[in-house]
Amino acid sequence: MAEPELSSLEFDARLKHPDMTSEAYTVLMLNMTTTLSPGKLWNITSCDVINTNYDIPTSVTCAICFLFGILYTFFGYRCFKMVMFLTGFLFGAILVYLICMEERTFTPLINAGIALGAGILCGLLTMLVQYVGLFITGFNLGVSVAVCVLILLEQFIHPQTLWIPIGVLVGTGIIFALVTLRFQKAGTILGSSVFGGILMISCIDYFIEQFMLMFYLKDRCKAELSPPLCWYTWVILGCWPFCSFVGAVTQWKITGKGFNHRNVMQNRRCREFRLKRAARTKEKPRENPHQSRYRHLYKVRRVNGDVLSQNYFQTVQSKLSPSLRRMTPVPTDAALEPESTNTTLTQIPEV
């Protein structure tokens, strides 16, 4: 029987074994089932047919991630706190989900719930603790650069051990994380642009070839063999550095110009300090006006002279001559004005 044309072929490939190095695969072509070698299967599924059988939840998730990718790429530094939360959320959720999938202890739904909870905790940590968010942003930037290095390395030599990609990923990630802590604005702009670019191309990759590029990147990180990529897969991969470059320039010249995340933190702290000081002022008890007035008058009188009693004045006046007695009047009750600063006996009116 003549083999049908690949351009008009509609098929649904189902692997007998998840291992890509197995000797045979079962492929449903039109109304017949046949067994093909891995090389022939790769030739059939690579470039001739685009699978449009999309999953609705996955499609909605990819659409949301594409919007987040635009936010990351062009407004990453401007929306600093939001980007810090999303960075921690995605980092924690993806990492925990991959670990759960490797262990295969729970069902996929339970794994998704665990990953969601871990992502929320990591997102809150990176948003509230600024240096943790900057470290994770720089680490993601380093991992992205390391993946590009592994892709270039695969074109010349295939790593024979898993420790090579692990060392490259972890080492480059830590180096870029430390550099981001030193140059915070530049590191945040580059990290958000690169991460936003990979979010956008991953969504495009799903709608064009069902995450074939993402599987290829995963194989590079695990030092596994992969089928050859199509020409349009390389085009999608080339959109990553292009989007990252455009996003970095846009943030540096337009959206992030004149904005500093340190000033935002300082303004927030100053606002909190003013609110606390205003609350303490309201809670301060009001003083008795008579008591305050008495202290003021008593202070003035103590400065001008000692407080003397009326009995002393009467005793001194009784010993004076009549002419001097008329010249030295004794203070009376009418002369005791509250505003007086003379040396007299202080009287506090009853409330």
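Quick reminder: no glycine exception, Cβ is built from N, Cα and C everywhere.
TrEMBL lists 339-351 with the feature compositional bias 'Polar residues'.
Sequence annotations record features per position, and here TrEMBL assigns domain 'TM7S3/TM198-like' to 62-252.
Annotated region 'Disordered' per TrEMBL: 324-351, in sequence order.
Per TrEMBL, transmembrane segment is recorded for 56-75 (among others).
Positions annotated as transmembrane segment by TrEMBL: 82-99 (among others).
Sequence-distant contacts of the transmembrane segment (105-125), counting only residues of its own chain at least 6 positions beyond either end whose CB sits under 8 Å from a CB of the stretch, comprise 85-97, 132, 136. Among the features that TrEMBL reports, transmembrane segment is placed at 105-125 (among others).
The transmembrane segment annotation in TrEMBL covers 132-156 (among others). If you look at the transmembrane segment (132-156), the same-chain residues 6 or more away from its ends with a CB under 8 A from one of its CBs are 83-84, 87-88, 91, 122, 125-126, 165, 168-169, 171-181, 184, 187-188, 190-192, 194-195, 198, 217, 220-221, 237.
What TrEMBL records for 162-181 (among others) is transmembrane segment.
Annotation source TrEMBL lists transmembrane segment at 188-208 (among others).
Sequence annotations record features per position, and here TrEMBL assigns transmembrane segment to 231-252 (among others). Same-chain residues lying 6 or more positions outside the transmembrane segment (231-252) and placing a CB less than 8 Å from one of its CB atoms are 47, 72-78, 151, 189-190, 192-194, 196-198, 200-201, 204-205, 208-209, 212-213, 216.
Mean pLDDT across the domain 'TM7S3/TM198-like' (62-252) comes to 90 in this model.
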